[in-house]
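Heads up: the structure comes next, in structure tokens.
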Amino acid sequence: MTEETISQAVPPVRDWPAVDLPGSDFDPVLTELMREGPVTRISLPNGEGWAWLVTRHDDVRLVTNDPRFGREAVMDRQVTRLAPHFIPARGAVGFLDPPDHTRLRRSVAAAFTARGVERVRERSRGMLDELVDAMLRAGPPADLTEAVLSPFPIAVICELMGVPATDRHSMHTWTQLILSSSHGAEVSERAKNEMNAYFSDLIGLRSDSAGEDVTSLLGAAVGRDEITLSEAVGLAVLLQIGGEAVTNNSGQMFHLLLSRPELAERLRSEPEIRPRAIDELLRWIPHRNAVGLSRIALEDVEIKGVRIRAGDAVYVSYLAANRDPEVFPDPDRIDFERSPNPHVSFGFGPHYCPGGMLARLESELLVDAVLDRVPGLKLAVAPEDVPFKKGALIRGPEALPVTW
């Protein structure tokens, strides 16, 4: 991209540095970009050049659902990005466009339907009760992240994936190394290769499986020649890693509820509003730093009067879309009565997060178990003293010290 490829009226390129924001603070750079206009230009700490940034709710939905913007073309580019290393596997579902993307997602769709998610509800509730039991037996103080918020999502996603309980620790370790930007490219790539090898073996053993877990569904699809083993492994890795996002989201959720006890007390006294309240918290929580994966414009497209040329890189900000005042009145306020609430915390369009329904289930189970079974729960330190992750792409508390 060069200045000559675009018109004179384009916004200036804004540097967006990598910073570790305190708590659940909204990124001030993103706030400024939202004020500058619906379509701006950014340069992130890594990669090359600049990219467009789209922040309004309707435009974010347009870009993510429009075949004129593709992911596959990103593979051969060093698009400006937050992550210091870029190690996607060619053919991975996150970098495929329809129809290949649709074919691959179809292979595991059954596991993420309402029926598929309900299949693990009671087992998930049982595993969560065991974790809360253990925390209560040990007595206060406790680290809610270590005791509950970290092991629970790992157990649930491993259950859904068909990963044996004995391998959960390895999965968690690999995921943390892949998601962190502080260990360097070699460490992240080695962790990803080890997870790839693990799923290659596991899926390969299940080519004749009739099981309902994800690796069985993938193994059966490979056995029917609907997808390749490489495609199956790439999808399994993405789903496994994504499953742990609940740890960070729920960590921010409980940090917020315990920092503002009136919110937690309302959820205790009005349990019927919990599903709606969780949706509002999912909208409000800034779950990541900066932006995620880019897209490439496959032809010239005009958005809000700005011409995006074929070949230009484009990012959307789901965080910004969730604070669009045209869609969410008083967007910075947490409003448990907000309805409708068309947030895009799980994305939109063909790349919508397949685990969105599972994440909602886990969040509801966590709120029920923690608030109902530990009524005196409170932070053991001041809210501003809760340590948050540093050098990470996904935001969340490193630990959540609590007492009761």
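Just so it is clear, glycine is given a Cβ too, placed from its N, Cα and C backbone atoms.
As recorded in Swiss-Prot, the features of this protein are as follows:
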SITE      I87  site 'Involved in determining product regiospecificity'
BINDING   R288  flaviolin 2 binding site
BINDING   R288, L293  flaviolin 1 binding site
BINDING   C353  heme binding site
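Structural mapping of features recorded in Swiss-Prot.
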{"residue": "R288", "record": "flaviolin 2 binding site", "DSSP class": "strand"}
{"residue": "L293", "record": "flaviolin 1 binding site", "DSSP class": "coil"}
{"residue": "C353", "record": "heme binding site", "DSSP class": "coil"}
Rounded Cα separation (Å) that holds between L293 (flaviolin 1 binding site) and the residue listed as 'heme binding site': 13
Spatial separation of C353 (heme binding site) from the residue listed as 'flaviolin 2 binding site' - C-alpha basis, Å: 15
Count of other CB atoms lying within 10 Å of the CB belonging to L293 (flaviolin 1 binding site): 16
Lowest local Cβ density among R288, C353, which the record lists as binding-site residues, within 10 Å: C353
